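Heads up: the structure comes next, in structure tokens.
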Amino acid sequence: MCGIAGFFDLGSRDERPDGAVCLARQIHTVSYRGPDAKAVWNGPGVGLAHARLAIIDLSSDANQPMASPDGQITVAFNGEIYNFLELRSELEAKGWLFRTRSDTEVLVAGYQVWGVEVVHRLRGMFAIALYDRRRDQLVLYRDRVGKKPLVYAIVNGLLVFGSEIKTILAWPGARREADLAAIDAYLTYQYVPSPMTAFTGIAKLAPGHLIVVGRGQEVVQRRYFDWPRPESAQARPEAELQDELVDRLREATRLRMISDVPIGAFLSGGVDSSAVVAMMAMQSSRPIKTFTIGFNEAKYDERAYARMVAERYGTDHEEFVVEPHAMDVLDDLVYYYNEPFADSSAIPTFYVAQAARRQVTVVLNGDGGDEAFLGYARYKLCRQLQAIDDRMPLWMARGLYGLARISPRGLDGLKIIRHARQVLSNRFQRPSHRYETFIAYFTHQSKQSLYSGAMRAHLAASRVDSLDEYFDAAPTLSWGAQWADLHTYLPDDLLVKVDIASMASSLESRSPFLDHDFLAWACTIPEQQRFAGGEPKSLLKGAMEPYLPREVLYRPKMGFGVPIDAWLRTEMRDFAYDMLTGGRASARGLFDMAQVRRLLDRHNAGENWATRIWALLMLELWYRVWIDPVEALSHPTAQRLGGSRGPVEQAAFAV
């Protein structure tokens, strides 16, 4: 993993700033992503910069930006091409000679042989910037799942891009302005969905998309990959599926164990990370290094289950018990994530990444198992709603809903009446709006009372209508939920959380379940086979029975969380009131301050509104770090962690 940045002149008539200076400034902002080497390459109207975290071929010959022998192709990329050895053999058979053992050189050669379509041959996680001198065009790629980030903006006629938003803001003339439509989306999802960012004029390259642009051309994202459609699912014998699952997961894990630096695994004690550790142990001649983070709060602590797996496979196991204090990491969260990000599990993810980096440079994790095999509780709820839909004609649902609405007030306190009203009213909504009740931090209704001023203009478009395309393509509500998650929650929340938290500690994180071949195969399995008998991830659990303890496989799912509800009543209480109801927050004119204070008061009276308060708090802190001050990039913690081992070097090859 690394950090990249660059620019491409689209035909600007303005005087360009000094490219080399600007590139060095860009890459410095993400130097923590690559502490081993930094370099820039500056050509006529184009430039690339790279900060390297050395994983494969540790020699300086593998540094980037890297050029082809004839100087026609120059590339800077972040990530790993896991099948680079296979591609290298294929290219050698065509007569290509290699001078390094790196996957970067294979990428350069592959482009020269196969052109832009080389992306279809790549198996890995990547954000790639490639300049083709012969065609005088820039090509940007982002991997199919969205493991590696890539953002861009047009600044004074220049296409400016990089691994993180801070690389854009470091460019002279870049706008630092909040996009209120994106803020509205953030308050729904807890993250800003692609291709939006929280900044006006800055966009994310969406997963499975590329950009090919020449001088004077429009910058347009083009999709090169999508997941198999739900209608492609075909039932197969369960035993056959289980055997194939193990074979495919073992292969995906093997590819991710290729490394020239120390490697280990996050072991939470859940099914997914335990399955990955099992696959690693079966393919390693030495004990696997495993890391588990523990908490004193029993409902968050999974150490006992992780220990079972570690003992079974004789791993070199380390446990870290932490007492996370939000006040200690708030600055880091706001700075490193670039955008408002309200998934509080980013806090323990930061802690475990820091602990692992003291001993290894690469870790494997279990991310993606829930998306591949329907592990989230919301999928089960969707299936239950679908079952009600299938068994209850619409006319009957309308009649029962009418009765529930006019039931005597004395029955309002009965849970069954309230539940019936909710379930029956849900039936008459669009599928995306039904799903909103499971995922939304702030629903459309709650925003109506919260918003004021400029935010009210976004109410009309603040629903989850953007998810309609995923539900329209799905035969059932649960299929639509999984389809939506693959395109939104997975790349924009889960993978952002892990990428930022790990790269802040210069740690590479790899995910076998997110191998695109493996995940695409899982999408072709009917949901009833992945969820047999109402058991989430039933197919995966059955396949893992020979390899994992039943206590691990069939225990209730635990979240990887922290007690923010308690924090907001104790150590963070006064801080939250000051931040959210003080003069600076009020002056923004975004929210009704009386409603914000009421939310805080109700939480402190014993109700649980922690997720909404946390989302508002992270938003206000983001404004204070990224929008309000001029010197928003000067985060002392980032400077300390991201100190380069040497000055930025000018890449030593010709244009």
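Residue numbers in this text run from 1 along the chain shown.
Heads up, the Cβ atoms here are built off N, Cα and C, so glycines get one too.
Note that TrEMBL annotation is computational and uncurated.
Listed in TrEMBL for this protein:
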- C2: active site, for GATase activity (ACT_SITE)
- D103: L-glutamine binding site (BINDING)
- I293: ATP binding site (BINDING)
- 2-216: domain 'Glutamine amidotransferase type-2' (DOMAIN)
- D367: site 'Important for beta-aspartyl-AMP intermediate formation' (SITE)
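Structure coloured by features recorded in TrEMBL.
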residue	record	DSSP class
C2	active site, for GATase activity	strand
D103	L-glutamine binding site	helix
I293	ATP binding site	strand
D367	site 'Important for beta-aspartyl-AMP intermediate formation'	coil
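Fewest other C-beta atoms within 10 Å: among the recorded positions C2, I293, that description fits I293.
The C-beta environment of the residue listed as 'L-glutamine binding site', restricted to residues of the same chain at least 6 apart in sequence and closer than 8 Å, consists of I56, E80, I81, F84, G124. You'll find the Cα of D367 (site 'Important for beta-aspartyl-AMP intermediate formation') roughly 16 Å from the Cα of I293 (ATP binding site).
Counting only the Cα atoms, the space from I293 (ATP binding site) to C2 (active site, for GATase activity) is about 25 angstrom.
Here the Cβ of D367 (site 'Important for beta-aspartyl-AMP intermediate formation') has 24 other Cβ atoms within 10 Å, regardless of which shown protein chain they belong to.
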